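Noted in TrEMBL for the protein shown:
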type	residues	note
TRANSMEM	14-33	transmembrane segment
TRANSMEM	53-73	transmembrane segment
TRANSMEM	85-107	transmembrane segment
TRANSMEM	128-153	transmembrane segment
TRANSMEM	159-178	transmembrane segment
TRANSMEM	185-207	transmembrane segment
TRANSMEM	239-258	transmembrane segment
TRANSMEM	279-302	transmembrane segment
TRANSMEM	322-345	transmembrane segment
Amino acid sequence: MDPSNQKHFTVADYVIFAILLAASMGIGLYYALSGGRQRTTQEFLLADRNMHCLPVSLSLIASFQSAVAIIGVPAEIYTHGTQYWFIGCAYILGLFIPAHVFIPVFYRLRLSSAYEYLELRFSKAVRICGTLTFIFQTVIYMGVCVYTPAFALNAVTGFELWGTVLATGLVCTLYTTLGGLKAVIWTDVFQTVVMFAGQLAVIVVGIQKTGGVSEVWRKAQEGNRISGLDLNPDPTERHTFWTLGIGGIFLMLSLYGVNQSQVQRYISARTEKEAVRSCYMVFPSLQLALAMSCVMGLVMFARYCGEDHSDKLGTSSRDAMVIYFVMDMLQGLPGLPGLFVACLFSAAL
């Protein structure tokens, strides 16, 4: 049976999805009613500068892992092969430099934002320009991030896109405004676990249904989806070690060095040492997240051998193949489709 014709969650799927939203709201309410109840700017925006490195590191991962990455990376591997995997090489310097260059500056100045540094270093005009640029970029980025899980939920349940986008925005806004940065960080911890669990479920079931690890590897090799190290200096190539390794470092610096979402998490740590440690702890988790996304793409290829079924979901985007694949793999397994959609929403939230 064509999985794209199956548009209904089971009761277990709805329960799992509801638990995700309820837990996120519950964390927000807890921090709204505990401690200082978010009555001071330092508590609301900086979590009283009292966070340990583990929750901060998991929060850093959650803010980096969007639903776009969970959908887009497997689609990239499915279509073009594993060359993209080499972006993981950029994570080394991309985290080492922020840990020892950016974090000490932000933390020792006792700043509340990256833009405060711009004003101290340059002028108020530069601060305003930096702030407006970040707001503009973030609003556009949020639109894409929220649309992706909304499309997935529409594909598997038939829910209207506008309703899903509205629900996502309301839940996120409520727990953020009620619980402040503490709620944001601890919901990120919970959502990171859900993200990994959802991807792992799809990979395990997918490998089982495609004949095992050896069969997945065989089909990926026959389909030329296993890529070696490409040292071609041609900048017009889609992906090479140079564009991914060197370009990826600058991407990581923009995300983990000066991005306000990350800076605010760093300076919420108890000490500078804890902030640096949280940055280092991100590395293995990012590598794991990248590996899981790439393996999902290879399992997809072993299942469909490059065929495009995205049109069955009413779109021409190859990214929709990931949704089709998840529906195909998880149909008839109560709870697992809900877990994967919860995984996407966790990344979006």
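Placed from the backbone N, Cα and C atoms, the Cβ positions cover glycine too.
Given the structure is predicted, the values throughout are model-derived calculations rather than measurements.
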Residues of the parent chain within Cβ reach of the transmembrane segment (128-153), under 8 Å, 6 or more residues beyond its termini:
66-68, 71, 114-115, 118, 159, 161, 164-165, 168-169, 259-260, 315, 320, 323, 326, 340-341, 344-345, 347-348
Counting CB pairs under 8 Å, which listed stretch among 14-33, 85-107, 239-258, 279-302, 322-345 touches the transmembrane segment (53-73) the most?
279-302
In the same chain, residues at least 6 away from the ends of the transmembrane segment (239-258) whose Cβ sits under 8 Å of its Cβ atoms read 60, 64, 80, 83-84, 86-87, 89-91, 93-95, 97-98, 101-102, 114, 229-233, 279, 282
Using a Cβ cut-off of under 8 Å, list the residues of the same chain at least 6 residues beyond the transmembrane segment (14-33) that approach it.
167, 171-172, 174-180, 182-183, 186-187, 190-191, 194, 335, 338-339, 341-342, 345-346, 349
Outside the transmembrane segment (85-107), six or more residues from its ends: residues with CB under 8 Å to it
77, 114, 117, 227, 229-230, 239, 241, 244-249, 251-253, 255-258, 262-263, 266-267, 269, 272, 275-276, 279-280, 282-283, 286-287, 290-291, 294
What else in the chain is close to the transmembrane segment (322-345), if you only count residues 6 or more beyond its ends and a Cβ gap under 8 Å?
1, 3-4, 6, 9-17, 19-21, 67, 70-71, 74-75, 78, 148-149, 151-153, 155-156, 168, 194-195, 197-199, 201-202, 205-206, 209, 296, 299-300, 303-304, 309-310, 312-313
